[in-house]
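Below you'll find the structure, written out as structure tokens, and then a few comments.
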Amino acid sequence: MEEVKLEVKEEVKEKEEEAQGGDPAAPDPAATDTLAPAEAPAPAETPAAADTTPVAPQPGANIQAHDTPGFDESQAPDTKTDLTGLFTEKPQSGEVAVGENINFVAKVNAASLLKKPTIKWFKGKWMDLASKSGKNLQLKELYDRNSKVYTFEMQIIAAKPSFAGAYRCEVSSRDKFDSCNFDLTVHEARAVEGFDIRAAFRRTSVDGSEEAGELDFSALLKKRDASKSQVKSEPDEDVWEILQKAPASEYEKIAFQYGITDLRGMLKRLKKMKKEEKKSEAFLKKLDPAYQVEKGHKMKLCIEVANEDVDVKWLKNGQEIQSTGSKYIFESVGNKRYLTINHCSLSDDATYTCVVGDEKCTTELFVKEPPVTITSHLEDQMVMKGERVELECEVSEEGATVKWEKDGVELTRDESFKYRFKKDGRKHVLIINEATKEDCGHYTVKTNGGESMAELMVSEKELEVYQNIADLTVKAKDEAVFKCEVSDETVKGIWYKNGVEVKADARTNITHIGRIHKLTIDDVKPEDQGDYTFVPEGYAFNLSAKLNFLEVKIDYVPRQDPPKIHLDCMGHTADSTIVVVAGNKLRLDVPITGDPAPTVVWTKGEKVMTEGDGRLHVESTKGHCIFTIEGADKQDEGLYSVIVRNPAGEDKADINVKVVDAPDPPSAPRILSVGEDSCVVQWDPPKSDGGNPIIGYVLERKKKKSYRWMRLNFDPYTDTTYEAKRMTEGVEYEMRVYAVNAIGMSCHSAASQPFIPVAPTSEPVGLCVDDISDTTVSLKWRTPEHLGSSELDGYGVEYCKEGSDEWVPAFEGLTERTSVIIRDLPTGEKMQFRVRAYNTAGPSAPTSLAQAVTIREIMQKPKIWIPRILRQTLIKKVEETINLVIPFQGKPRPVITWSKDGEHLNPKQVSVRNSDTDTILFIRKSERKDSGKYEVKLQIENVEDTASISIQIVDLPGSPEKLKIMDVWGFNVALEWKPPKDNGNCEITGYMVQKADKKTMEWYTVYELYRRTNCVVADLIMGNEYIFRIYAVNMVGLSLEPCFSADSAYIQKTGFEYKPPIYKEHDFSEAPKFTHPLVSRSVIAGYNATLSCSVRGIPKPKVTWYKNKMDISNEAKYRMFSRQGVLTLEIRKPCSFDGGVYMCKAVNASGEDAVECKLEIRPPGTFPQAQITKEERDKQMNKAD
């Protein structure tokens, strides 16, 4: 069977040999554990491991350790290392006690990768752990769509001492590669005083339940021989060294012990290694194939020469290295020669050669440049349309290359020079000229060691009118001036009179200086009266005013006029109140008349206002009295009176002045709630509105570690509760608020408490009922698909009766497990259940069962699930432990009965333990008498199910018998013997024949694995006398004692003529006979299937394959192989139509023979409809015989 497996999987092994590159490394002792049926992990494919092939060093490429010259202190060398770091989080070394679990986590940011990263986990240097995934090892992969981060987990369950050692994690994506090393230390569990067989049957449960988990027999296994356990607990043995030192007869035994499946490929590489070792006479120790060092560190290369006085030369890329300066240092200590390279740079990444005479050795030095990180991150910006934008960051290395992206698309210098990239030392700047609305988005700068993101918001400019044009009333020959002021200096405009555009002429002048637009009309005439309008270009509004023409009539009045105050209503409110903004100039210009010129007195209350503090000015001119206050403030508010007097009388007028200001700042904002990319903020209105009602508020936000505030709204927001959006989840922010009235904006408020936007997780998925009884329900579910940036705090489980909305918590607090058992439920009631996930943002949406569950135990027929490894004969060596775990189903708990060959089991030799879900057969030390057919039966009332398991206990064979020397001629001796009486309960695979000269009595192996019971020993030495001995060999090993020849054979010297005996010609022809039949199989559609058998016959028979009695020899879908009598039919990707009866027919001149089997094709995810029983297999074997 071992030959069949090697031949069928030859192509697969060759591919693995190319992928592994023949890296000699210590075997994983965990591989030997897979031989035990109770501990064998089921093979499973890992998506991360299925897509990549690791490139390992060539044979002999041992990476330098800390105590070896040539090792860089910062990092162990690796023969395949790209300069691009992919890990955002590397797995760390850990410690665990025997029987406990441990997780190793690696994270990769895929935002800059063009292809999904693939990962491989290794034990030691060459053991790929993807094939070991199962009960003791689980590999997981998660992907966060928001952060674009892949999380890879390796979980070791129920750790064993053999799991300790060095591990490696490799990740690759197209041309990018990264790897890291970590260690696992396994501590021995505390010894238990006294031995209790019941304690040895404890279960290892994750959730603490006594009835869940898997059985742990570690307490029993500790009674094994100390020498055996010591051999298995050494994880760092080098298989290559063992094979080099071992004789050829031990190769197969070593391969079996260390789980080597491709022994043929390893022996080929071992042969090359031995040839290479004989070549070097000048070197005792050569350079390793590759070294690795970080940029800026030093590297020390070391070789050992055979002659201490010999001179060596060091070459770099074929050119001899000269000893100049302190860059290269040459040392000679005894027979060791050192080359030290100081301050390694990228120019030192080269091939180095050491030459001794005519011999040389070569190595590759890889200089790893440290990843470029971002030391100063980008800042969010909000600009107006048309403004210049500069996004600036700072990196850790000068001259480093960075990549700019906008919304995930790389930015380049286009023909319009929209984007410009500026590099100044470690600073990198992205410049956008004349920003537009299309430039809004998220901008990212990326290096090989990190990235930074910022948001750019571009807002349209709103044209503000600072000064409107006013109505004018002018007299003939006067000048009329219409003037307005807008916020944008570049805006042009057109003047219209009664809808007709105004053109400049001798009397009309149109000017545009900065933000001021003027229309001047000289020598006003009556026809100039009308409606004048100014229209800004590109804006949908206009400014209008009216020009009134005033005809002046001159009236003659007496020279004695009483004083009169002529107050204008412009700028006054209904109650003659003048409003002035705080800080501005208050100027009261009151027209007065009177003849003679009156005197003017200004008062405020009872106080006469005079020029005293420099802010107040009183001035009287012909026809006007002017009262001015510089920088008005709140204390200048009040009722002012102006009194004019002359001999003809007096007049008085009151003017109310109101000073208005910007409001006080609001209170510090409060964060009411947060979401995935938003938050709700609330604040209190300011204590003072500045004399004008509050028209709204303006909000700003910034990142906690930034200094740049970004405005969230341009138009005043009227409410005191605001929802801020477009934030980045997981980043810490602060908020502040401004109050706005008609005068302007207040100072900013105090900043809010820092907060982090985070969303509740999505609802848990896959909620279902795992088990149910009369008073309990077991529920299980899976973690939410979206967890966000916040850690998951746990799960809350609730239940209620059908038709009710009163949900009752199943337990206090939260649980971190994804399964729970709810107890003390009313029997017969219909109950509904739901589960919520909780994090810092609160509970998620609930996930509920599709329908209510009736609390009542469900009857279930008994069914035994035989593991695949136990469907064929289980072979164990004598004194090995047998631990069979047979899962089953059935409710209520079935009655379980074990028997062997129809008889009850001996409780002193065999232990049985039963639970609700499985039954266990345990034999601590197996014996030959334990071989046989074991039968287990489940019975629930009148329904039962049975299954049988065949166990074969094998031992070393006995010694061969009656070794005789049949003939001696020339330099040859013919031997013959009989097989041993005791074959060790398994087939004798061959015999080891040895010879010894009676003078030296040193034994030499002639044949290692000889099949027949007679042989000829040739090439003996003339004149010597020989004795012989023979060992029997089976799958366990050599017999303990050999069989010696009773006589000796003396090789006569030359001088006599040898007359060969005359033999009757023997007829060796033999009719074809199948020595191993075809076995019926059940395979999954879409996966290649093989059918194998073996045949013998002389002459070589002609083989024909049939399907349903139809010849398929010329069908392209099938491939036929024949190697050393082993016949194999390969069916490529079978479908449902490929099922049927397959027959193999062998024909030669002496006769013919045929075997057949059934092939069942089942769709993926289904189980075989019927298992092939041991009786059917025996029938096929008998038919073949």
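For all residues, glycine too, the Cβ spot is worked out from N, Cα and C.
Range with TrEMBL annotation region 'Disordered', chosen from 682-702, 1165-1185, is 1165-1185. If you take every residue in the domain 'Ig-like' (862-950) and average the pLDDT, you get 90. Secondary structure of the domain 'Fibronectin type-III' (765-858) per DSSP, as helix, strand and coil residue counts: 0 helix, 45 strand, 49 coil. Helix, strand and coil residue tallies for the domain 'Ig-like' (370-464), in that order: 3 helix, 49 strand, 43 coil [DSSP]. Secondary structure of the domain 'Fibronectin type-III' (959-1054), assigned with DSSP and counted as helix (H, G, I), strand (E, B) and coil, comes to 0 helix, 53 strand, 43 coil. Counting Cβ pairs under 8 Å to the domain 'Ig-like' (370-464), the stretch among 77-185, 302-356, 665-764, 765-858 with the most such contacts is 665-764.
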